[in-house]
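Worksheet: one structure, shown below.
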Ligand SMILES: Nc1nc2c(ncn2[C@@H]2O[C@H](COP(=O)(O)OP(=O)(O)OP(=O)(O)O)[C@@H](O)[C@H]2O)c(=O)[nH]1
């Protein structure tokens, strides 16, 4: 199957078999309706019934139908369609696309032939989008190889190769790396959030809690950032908004003690996921390390193998600075995943690839806007679509 076909299936959430089946079902239903029409007309012949009983029946049917529609709507709201998630990536990456893709488009339009000069210009564009030196070099080698292998003379089809290689470079043969490590039903999952202040950590915790609640999980929050003024109240507000309990102590208290309390409360109340906030003081790596070590110790003493995730929140708009922060946290603790906030606020969305390549830590979530459902699990195919959406829409419709 071609890359574009696979991509389309992923973006729309339908496999080609499902698409064919769906079309067949629709066709059959239409035919059936045509055939059944006369029978229905005959069946519709009303039996004589008391007008009041008829009215009650109609009312009941309308009520039932309304309820069914409402339930379906609520279900849909809880579980967005694959295509609506794809659109979130498209909107969230608009800034990056505006600068980065227009340059790539311009390049493809100017060059008829894929030659060394074309590669050099593309290299420059990718570097400007913060994709990172090593990733760009790797991509260039792969592109050169593919272009030679396919004996490509013109730029037709170059999008497909660029997109395919970007996804491959991100995945590195490991699919599903963005999934959260949630424990089986009935067991408590502990997620620890780390990251410097101001990156959007608290907002992200709130959004993640909302997401997990929508999946039917019982969620609790631990206000472990006892250092930043207002952090506890901010988390409390999110707790109320999302509808989950927040365990807290007063400002300045020991974060490990707050988390200890929270674990015990979570166990007692049959919570599925406990999300712990922490303060991100970076001025002294030794102190940061000591604080996180203590928190880790407390958690794993209460629940072996926990925390199940240590998520580092990074602000995408800070570019290379985010990479430096990540390096420090990586040295201080065992970070299992990155949450890249404010991806919608940067024109240099290539940072996702640089993070993956430089740190070898998967990006588990990306922030694509300020709304509560704008935190999305990172998906390399949707990301690549977001980068090239305008051009890909044309190419994907050609594939039909
Ligand atoms: N556009 C956009 N804004 C975001 C995103 N994530 C967070 N924000 C905004 O960033 C601002 C700061 O987020 P907060 O969660 O309040 O972060 P903070 O309180 O400064 O600091 P920490 O919680 O310590 O990180 C808020 O206005 C958030 O709405 C995102 O993905 N996109």
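The count begins at 1 with the first shown residue.
Cβ coordinates come from backbone N, Cα and C, glycine included.
The annotation region 'Disordered' is assigned in TrEMBL to 1-81.
According to TrEMBL, the compositional bias 'Acidic residues' annotation covers 24-36.
Look at TrEMBL and you will find 64-80 tagged as compositional bias 'Basic and acidic residues'.
In the three-state DSSP classification, residue 343 (GTP binding site) falls within a helix. As annotated by TrEMBL, GTP binding site applies to 195-202, 277-281, 341-344.
Outside the domain 'SRP54-type proteins GTP-binding' (362-375), and at least 6 residues removed from its termini, the chain residues within Cβ reach (under 8 Å) are 80, 88-89, 91-93, 177-180, 200, 203-204, 206-208, 210-211, 241, 309, 311, 316, 337-344, 352, 355-356, 383. The domain 'SRP54-type proteins GTP-binding' annotation in TrEMBL covers 362-375.
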- Query: Do any of the binding-site residues 198, 201, 278, 281 touch ligand 1, in the sense that the CB is under 6 Å from one of its atoms?
  - Reply: 198, 201
- Run through the domain 'SRP54-type proteins GTP-binding' (362-375) and tell me, per DSSP, how many residues are helix, strand and coil. 0 helix, 6 strand, 8 coil
- Neighbouring CB atoms within 10 angstroms of the CB of residue 281 (GTP binding site), all protein chains considered, total 15
- Item | Cβ atoms near residue 343 (GTP binding site) (within 10 Å, other residues, all chains) | 29
